[in-house]
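Only one structure is covered here, and it is reproduced in the block below.
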Amino acid sequence: MATVIDTLKARGSEDRAARHPEKQNRPDTPVLRKPEWLRVRAPGSGQYNETKGIVREHKLHTVCEEAACPNIGECWSQKHATMMIMGEICTRACAFCNVTTGLPTQLDPDEPRRVAEAVAKMGLKHVVITSVDRDDLLDGGARHFAEVVTSIRAAAPGTTIEILTPDFLRKDGAENVVIDSKPDVFNHNLETVPRLYLKIRPGARYYNSLRLLDRVKQRDPSQFTKSGLMVGLGETKEEVMQVMDDMRSAGVDFITIGQYLQPTRKHAAIDRFVTPEEFKAYEAIARAKGFLMVSSSPLTRSSHHAGEDFAKLQAARRALDARTA
C-alpha cells in the first residue's frame, strides 16, 4: 500500500513546503460556527509574548502553534508550552490534524539540549513533550525522544516530564527506549473510536495504540499512563464507553475527552458540537469505570492544565494506595 511519503516522493520537491499536500484534492467541507462555550480570547499578554520569545530564541516548535490549539492564549500567558520535537513535518496525514504533512528533514542532534535549556529558562514545574510521527526513521524517533527526556532531567531536575508519543507502528521495541527514559507520564492518544479510524486516523491502528499503552504499564507500572479522545466526529455514546473500557483494560490512569475542532475546510467535518452537559456525563461515567483522573470538557486537550492535573493524579494514586494498603 502506498504511503503519504511515497506520494510526496513521486510528486517531487515542489510539494515539500505545502502544509497539507495530501488534502489539496479533497472536496471542501463546511466549517460550523462555534457555539458560545467554545469561544476564547485572542492571545496577547506580556507573559504570552515572553513565552513566544523563549520558543523563538531556542528555535523550537510547539504543538500549540502547529495544531492551532484554542488554548494557546491561556497556556502561554501562564508560561506553559508543549514542545513538539523531531521537526514540524509529519509523515502521517490524519484527517483531524493541522500539523504539516510531508518529507521531514534530518533530526537535529542539538534539539534535546535546546529543549532542556528552554524548560529551565521558563522555570517549568511540569513540561509536556510531543512530536510529529517519523515513520521514515528506523526507530520512529524513539532514541531522540529519550534523549530529550534525559536532557531535561539534567537541566531541570525539579521538573516533572510528560510525553505524548506517536504509536511507533512497526518499530519493534522502539517504545521500550522511551519507557526506559523514565518520564513521569506516558501519554498516547487513541483519538477516536475504532469504527472511525480509517476515516480519521488512516495511518494508525486502534489496537496497536491500545497495545502500546498496555506495554508501558507492563514494563513500568510506576509510570502514569494517559490517553485522549476527541468527540463530535460521529461517534456514539456507546462507542465512547467501549473506548473507556478498552483503556481501563490497558491500565490507563488518566483519560482526556475534548471537542474536535476542524482546522480547515479540507479536514474532517465536525459532526456536531457536544454540549458541556454531555462532557460532564462522560466524566462521571469515566470516574465510575475507575480512572484515577478524568478531564472532560469542550476545550480539554492533552496538555491543557497538565501540571495541575499531574498533581491531582499523584494525589489520586496516593489515596488509592492508602485505601488498598
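Each residue, glycine too, has its Cβ placed from N, Cα and C.
What Swiss-Prot says about this protein:
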BINDING   Cys64, Cys69, Cys75, Ser303  [4Fe-4S] cluster 1 binding site
BINDING   Cys90, Cys94, Cys97  [4Fe-4S] cluster 2 binding site
COMPBIAS  8-33  compositional bias 'Basic and acidic residues'
DOMAIN    76-292  domain 'Radical SAM core'
REGION    1-33  region 'Disordered'
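Mapped onto this structure are the features recorded in Swiss-Prot.
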residue: Cys90; record: [4Fe-4S] cluster 2 binding site; Cβ within 10 Å: 24
residue: Cys94; record: [4Fe-4S] cluster 2 binding site; Cβ within 10 Å: 19
residue: Cys97; record: [4Fe-4S] cluster 2 binding site; Cβ within 10 Å: 23
residue: Ser303; record: [4Fe-4S] cluster 1 binding site; Cβ within 10 Å: 27
Quiz prompt | Cys97 ([4Fe-4S] cluster 2 binding site) versus Ser303 ([4Fe-4S] cluster 1 binding site) - Cα distance in angstrom | solution = 16
Quiz item: Averaged over the domain 'Radical SAM core' (76-292), what pLDDT does the prediction give?
Solution: 94
